[in-house]
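One structure below.
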Amino acid sequence: MGSSSSTALARLGLPGQPRSTWLGVAALGLAAVALGTVAWRRTRPRRRRQLQQVGTVSKVWIYPIKSCKGVSVCETECTDMGLRCGKVRDRFWMVVKEDGHMVTARQEPRLVLVSITLENNYLTLEAPGMEQIVLPIKLPSSNKIHNCRLFGLDIKGRDCGDEVAQWFTNYLKTQAYRLVQFDTSMKGRTTKKLYPSESYLQNYEVAYPDCSPVHLISEASLVDLNTRLKKKVKMEYFRPNIVVSGCEAFEEDTWDELLIGDVEMKRVLSCPRCVLTTVDPDTGIIDRKEPLETLKSYRLCDPSVKSIYQSSPLFGMYFSVEKLGSLRVGDPVYRMVD
């Protein structure tokens, strides 16, 4: 662990060694804080809180299609279901099999090579060896509604048409696929369904993201990880929405409530990592080992919260949006404290 990381731990009252010990303390702290927040979300009266700047927003990404390339933006709205740039929302589109089951880069790694351009009311998709295709953001209401399946939960999606379905089928060359779009008239996946045994978590809905409306990582945490890897990785391996500079490695583990721009966020959980992190975003090749194995060597959770994270290493944080608004690259990131 680097000296800057040790400084952060000392400042936060956590011991520098061993790593597993302070990770356990941080995880227990997360559970304790969450247990006290049942009635927090939009029900408690506003209280005066101090603001402590902990960093600066250095990057913002929106991922319109789940598992495809992210779109870097300078400014974004934060809705209760995640980021939005104009009419395009984060992970509101998803590739599915013909039976409605989701398809991600875990099964089709080359999805990460599909790039997306936002222009007016259209998405333009490009991929290696394929002609670009233009997809309207607003779909005809007559398009079929599919019953989809995402991590064992039911959710609906409106079919995006035969042309783009054939485009993905031709590109991936394994079986027939469809592209579906979520709209806000549909029912999202709720906290109670995502984590039925964790009743202390604040209530929110998501469309096609894995777990939460916002995913945040610090630059310093990636730097720390790269000191342990033979082959360095970049932030795109981890697909965050917000990247923060100016803090120390894994300091984001301790952030409970944040103010960025005029957006207030509440910590939900740490981000458990899976084999998707081993897909190279530049080649679409899945390694299945790194950086996941290295993360497992020093970023496992405390046994007390193993029911949530199992054997997945933790890297990055999930947040819910408590006060809607907008934020932009360059905004200070404030930790809100009593």
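All residue numbers here begin at 1 and follow the chain in the order shown.
Cβ coordinates are placed from backbone N, Cα and C, and glycine is handled just like the others.
For LYS59 (among others), the entry in Swiss-Prot reads ubiquitin cross-link. A 10 Å cutoff on Cβ-Cβ distances gives LYS59 (ubiquitin cross-link) a total of 18 other Cβ atoms nearby, all chains included.
The ubiquitin cross-link feature in Swiss-Prot is assigned to LYS138 (among others). Mapped onto three states, the DSSP output places LYS138 (ubiquitin cross-link) in coil. The Cβ of LYS138 (ubiquitin cross-link) lies under 8 Å from the Cβ of LYS87, ASN121, each of these being in the same chain and 6 or more residues away along the sequence.
Under the heading ubiquitin cross-link, Swiss-Prot lists LYS144 (among others), citing similarity to another entry as support. Under DSSP, LYS144 (ubiquitin cross-link) is assigned to coil, being neither helix nor strand in the three-state scheme. The number of other Cβ atoms within 10 Å of the Cβ belonging to LYS144 (ubiquitin cross-link), over all protein chains shown, comes to 11.
Under the heading ubiquitin cross-link, Swiss-Prot lists LYS156 (among others), citing similarity to another entry as support. Under DSSP, LYS156 (ubiquitin cross-link) is assigned to a strand (E or B) in the three-state scheme. Shown in sequence order, ILE145, HIS146, ASN147, CYS148, PHE182, MET186, LYS187 are the residues of the chain, 6+ apart in sequence, with a C-beta less than 8 angstroms from the C-beta of LYS156 (ubiquitin cross-link).
Less than 8 angstroms from the CB of LYS173 (ubiquitin cross-link) sits no same-chain residue that is six or more residues away. The secondary structure of LYS173 (ubiquitin cross-link), as reduced to three states from DSSP, is coil rather than helix or strand. Look at Swiss-Prot and you will find LYS173 (among others) tagged as ubiquitin cross-link, backed by similarity to another entry.
Around LYS187 (ubiquitin cross-link), taking its Cβ as the centre, 12 other Cβ atoms fall within 10 Å, counting all chains. According to Swiss-Prot, the ubiquitin cross-link annotation covers LYS187 (among others).
Here Swiss-Prot flags LYS289 (among others) as ubiquitin cross-link. Every protein chain considered, the tally of other Cβ atoms within 10 Å of the Cβ of LYS289 (ubiquitin cross-link) stands at 10. According to DSSP, LYS289 (ubiquitin cross-link) is assigned to coil rather than to any helix or strand.
When other Cβ atoms within 10 Å of the Cβ of LYS296 (ubiquitin cross-link) are tallied across all protein chains shown, the result is 13. Marked as ubiquitin cross-link by Swiss-Prot: LYS296 (among others).
Swiss-Prot lists 188-336 with the feature domain 'MOSC', giving sequence analysis as the kind of evidence. DSSP assignment over the domain 'MOSC' (188-336) gives 37 helix, 48 strand, 64 coil.
Sequence annotations record features per position, and here Swiss-Prot assigns N6-acetyllysine to LYS156.
What Swiss-Prot lists as transit peptide is 1-35.
With respect to their backbone Cα atoms, LYS296 (ubiquitin cross-link) and LYS59 (ubiquitin cross-link) stand 26 Å from each other. The secondary structure of LYS187 (ubiquitin cross-link), as reduced to three states from DSSP, is coil rather than helix or strand.
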